[in-house]
Amino acid sequence: MFQKLLLSVFIILLMDVGERVLTFNLLRHCNLCSHYDGFKCRNGMKSCWKFDLWTQNRTCTTENYYYYDRFTGLYLFRYAKLNCKPCAPGMYQMFHDLLRETFCCIDRNYCNDGTANLDTSSILIEDMNQKKELNDD
């Protein structure tokens, strides 16, 4: 009996969304990378998932790290972390010269792609997205 129940739960969770099937997404998929340099993931891009049921837990998180440049007086982008942790947006001064900025997104799957960085040019991001679309086809 338990095996049939478990099988039915997995069928519902992994069911393909089509026009004949009335489903809603129970899972949120996010990118997972511990060192994203603004262009690519240094240690390999992975994915993670979480249940998309509770409003406070359905976000994908991007943590941008900035270091303070003494010569210019500006915080410059260093790297980003992409993950599935519960998110609290905002800025946090980690050390005297390291700042962490956290972005949360809930609009779609894999929405934490590292493009929420203000130091990256929008022209470069559009070019990266076009290359990605061409490679996906």
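Including glycine, each Cβ sits where the backbone N, Cα and C put it.
Taken from Swiss-Prot, the feature signal peptide applies to 1-20.
The feature domain 'UPAR/Ly6' is assigned by Swiss-Prot to 28-114.
Annotation comment: Swiss-Prot describes C30-C60 (among others) as disulfide bond, evidence class sequence analysis. Cβ neighbours of C30 (disulfide bond) (same chain, under 8 Å, six or more residues apart in sequence): S47, C48, W49, K50, C60, T61, L82, N83, C84, N109, Y110, C111, N112.
Under the heading disulfide bond, Swiss-Prot lists C33-C41 (among others), citing sequence analysis as support. Note on C33 (disulfide bond): other Cβ atoms within 10 Å of its Cβ, all shown chains, come to 23. In the three-state DSSP classification, C33 (disulfide bond) falls within a strand.
Look at Swiss-Prot and you will find C48-C84 (among others) tagged as disulfide bond, backed by sequence analysis.
Residues or ranges marked as N-linked glycosylation site in Swiss-Prot: N57.
Per Swiss-Prot, the feature disulfide bond maps to C87-C104 (among others). In the three-state DSSP scheme, C104 (disulfide bond) falls into the strand class.
In this structure, C111 (disulfide bond) belongs to neither helix nor strand by DSSP; it is coil. Under the heading disulfide bond, Swiss-Prot lists C105-C111 (among others).
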